[in-house]
């Protein structure tokens, strides 16, 4: 008789089910990406409905950029999936755990020092991940982003930044992990409640300190100078009772010409951060072009700034920036930020509760090569990363759908503030600056886009504006 997966021991069934689901998700993602690549390849002319908002040159640039990104994503995804499969099949996780045990033993720590061994294991695992991911990151930054005019980094800056990020991450990750493992071990029957409360506290602390103490380690933050823009931002914040305390400009242009804006902080201490690449009057890429007014606009390459200040290549003018911030403040006023936190913490509590039920199941550990021990950190990895993967995929899709709904609501909020036309033009400019492709396969868009496609947002704004 032919042996089926159901005839195998339960630990083997678990292992192959995890592997099978992982490849199923990968093949589904690859199929969706294939559908979207067909769009990139087949639509080479600006669709009629886009004729008034996008020129053919920008359309072609965005098409080629997104096609390159999609091809890169396919190969990097295939490598990642293959690497993960080999690690599982060859017993890479128990091997690395044994290596960590050998390292701790050399420093005089006996096997019962599980937390110490866990921290060494975590350090080795993140080092392995950093080294195997480095070539892909280098290629993405210095080939794809460079080719399409976004990269502003040197190799030296990139590597220095990577080392700094790794060091900062370890300084946060290791003590937090050590405390979490300790809480789980001493927490008794209700350890999952204490573990959840601890992770909640850590997330709130990190959100509070990130922009003040962590982000400045990598980027320069300067207060937005006094002037019309700052006054208008403060007035808009007051009009909706947003407790704004400071407005910063971050020097994002030293890494990339992509643009962004966000706010952070709790209670009565909110700050707004604007990337310099978002601000037409601040972007160094615009200023760099000013001394060369004789350069014809049609000869631009993606990495060259426009020559004439009045026809700047990048960023939004002040009314458009206010419209973008009106959208962001809409997320706050409509409670989207709080709702996302509540959903995240409800999910976290549910996962820790299920973890408490599953952590005692020896077959879960045996399935991944741990026949003689059941380390807590390995249990967290197996249950949260592998066993919960179907649930995580479903949750991710639901959150994507919810995020699109929130984006439409935030657009409507900005429109209600009288900024529909400014947001309309800002969305077009930001799409052009970031070479977003405005045509999407419906299934790819439904699964992946946390923000509605450009045309859908413009239609929602335009219809009301006409009304």
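Heads up, the Cβ atoms here are built off N, Cα and C, so glycines get one too.
As recorded in TrEMBL, the features of this protein are as follows:
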type     : residues      : note
ACT_SITE : 328           : active site
BINDING  : 327, 331, 407 : Zn(2+) binding site
DOMAIN   : 36-220        : domain 'CAAX prenyl protease 1 N-terminal'
REGION   : 286-315       : region 'Disordered'
TRANSMEM : 14-34         : transmembrane segment
TRANSMEM : 119-139       : transmembrane segment
TRANSMEM : 166-184       : transmembrane segment
TRANSMEM : 190-211       : transmembrane segment
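Features as recorded by TrEMBL, highlighted on the structure.
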residue : record              : Cβ neighbours (10 Å)
327     : Zn(2+) binding site : 24
328     : active site         : 17
331     : Zn(2+) binding site : 20
407     : Zn(2+) binding site : 21
Residue 328 (active site) to residue 407 (Zn(2+) binding site) - Cα separation in whole Å: 9
Chain-mates of 327, 331, 407 with C-beta within 8 Å of site centroid, Zn(2+): 328, 330, 336, 406, 409, 410, 411, 413, 414
Averaged pLDDT score, the domain 'CAAX prenyl protease 1 N-terminal' (36-220): 93
